[in-house]
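Quick look at what Swiss-Prot lists:
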type	residues	note
MOD_RES	Ala2	N,N,N-trimethylalanine
MOD_RES	Ser16	phosphoserine
MOD_RES	Ser17	phosphoserine
MOD_RES	Thr26	phosphothreonine
DOMAIN	26-61	domain 'EF-hand 1'
MOD_RES	Thr36	phosphothreonine
BINDING	Asp39, Asn41, Asp43, Asp50	Ca(2+) binding site
MOD_RES	Ser76	phosphoserine
DOMAIN	96-131	domain 'EF-hand 2'
MOD_RES	Thr102	phosphothreonine
DOMAIN	132-167	domain 'EF-hand 3'
Amino acid sequence: MAPKKAKRRAAAEGGSSNVFSMFDQTQIQEFKEAFTVIDQNRDGIIDKEDLRDTFAAMGRLNVKNEELDAMMKEASGPINFTVFLTMFGEKLKGADPEDVITGAFKVLDPEGKGTIKKQFLEELLITQCDRFSQEEIKNMWAAFSPDVGGNVDYKNICYVITHGDAKDQE
């Protein structure tokens, strides 16, 4: 048991404590909630199996080991919350907010179609982190109505979030 604790402590010390000054308390809490969702076995460390289970929970059951390995290699060691926050801090430094939001949606769009199923997005919004109320869901669908196939154009949502107006359809 002691070697495991020492390993975790060493991993925690590997992350920069400065990362906490990059975000306000609300943002840190949101990252903590995201970390908790991904840390499926609740051991305080995100590992390959946590990633696999998270993808499975989102309906993506055929994630290749190579994809998971590539994600794990983005960290220099075990991914505890400090390392997780540091990784996001580094990724967000100088990033365009539209690119960041689009990148978050792309995780949910493994085929790269630029759309997400309405039912899937709605389920995530009412069950994860800052849960949407039924009224908020209704308002969102009024602003961003899905197409006849039930697909939502998340690129338009990202544009409106960052620019305030709907993108002209060409």
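Glycine residues also receive a Cβ, built from the backbone N, Cα and C atoms like all the rest.
Swiss-Prot feature annotations superimposed on the structure.
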| residue | record | CB count, 10 Å |
| --- | --- | --- |
| Thr26 | phosphothreonine | 9 |
| Thr36 | phosphothreonine | 13 |
| Asp39 | Ca(2+) binding site | 20 |
| Asn41 | Ca(2+) binding site | 11 |
| Asp43 | Ca(2+) binding site | 12 |
| Asp50 | Ca(2+) binding site | 21 |
| Ser76 | phosphoserine | 12 |
| Thr102 | phosphothreonine | 19 |
Who are the long-range neighbours of the domain 'EF-hand 2' (96-131) in its own chain, taking Cβ under 8 Å and residues 6 or more past its ends?
30, 33-34, 37, 58-60, 137, 140-141, 146-147, 150-155, 157-159, 161-163
Could you give me three numbers for the domain 'EF-hand 3' (132-167), the DSSP helix, strand and coil residue counts?
20 helix, 3 strand, 13 coil
Spatially, and counting Cα to Cα, which of the modified residues is closest to Asp39 (Ca(2+) binding site)? Options: Thr26, Ser76, Thr102.
Ser76
Closest to Thr102 (phosphothreonine): which of the binding-site residues Asn41, Asp43, Asp50, going by Cα position?
Asp50
Cα of Asp50 (Ca(2+) binding site) to Cα of Thr36 (phosphothreonine): how many Å, rounded?
10
Can you check how the pLDDT averages out over the domain 'EF-hand 1' (26-61)?
89
Which one is it: of the modified residues Thr26, Thr36, Ser76, whose Cα lies the shortest distance from the Cα of Asp43 (Ca(2+) binding site)?
Thr36
